[in-house]
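Some notes on the structure that comes next.
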Amino acid sequence: MQAYQRDFIRFAIDRGVLRFGEFTLKSGRTSPYFFNAGLFNTGSALAQLGRFYAAAVVESGIRFDVLFGPAYKGIPLASATAVALAEHHDRDLPWCFNRKEAKAHGEGGSLVGSPLAGNVLIIDDVITAGTAIREVMQIIKDQDATAAGVLIALNRQERGNGELSAIQEVERDFGIPVVSIVSLNQVLEFLADDEQLKQHLPAVEAYRAQYGI
């Protein structure tokens, strides 16, 4: 685990974004942990989050021309990542996002920001069912651009109804990498090393054994 990944897990726990307990997911599963990126909800938290995303971008080695943030949650994530790449990695890259509903007046259209062209890196928080990413892939295709990959905050490493996770299905169906700041494996590693949080390790390991990929 890289230092920035360990720092990100600590940051997520401190912000209440990553919590441990008993949570019912949309899938109906009872999970021993929950990740809510909406709680990165202050200026300083968003700035710090952007730096973690930027570190993961650099670490991934994915070559791309523009960042894309899917509405709505991906919009601040893509903008924060673009700022952090410019300020901390000397990479001043364009970024773009979509509107949920196309605008008929003013500049019009459903895209805001830089033109969506070339190789596109999609920035989002998590991939649960993969539905939102499939919609984004169509937007990119409609602009004659190419998806270069997807970057998310947490890979739950959890299968859906079949044998694959939603992330693996996206990788298979579109032939692109999906990378994350951290994965559940790294969260487990963090728990094992933390005396205060170690109590949650057995429940998370049991969940991973039952639903993991």
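The backbone N, Cα and C atoms fix where each Cβ goes, and this holds for glycine too.
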Orotate site partner of Phe34, Phe35, Arg156 (as recorded in Swiss-Prot), chosen from Thr81, Thr128: Thr128
Those binding-site residues listed as Ile127, Ala129, and which of them has the most Cβ atoms within 10 Å of its own Cβ: Ile127
Integer Å distance between the CA atoms belonging to Arg156 (orotate binding site) and Lys26 (5-phospho-alpha-D-ribose 1-diphosphate binding site): 14
Any further residue of that chain within 8 Å (Cβ to the Cβ centroid of Phe34, Phe35, Thr128, Arg156) of the recorded orotate site: Leu25, Ser31, Tyr33, Val126, Leu154
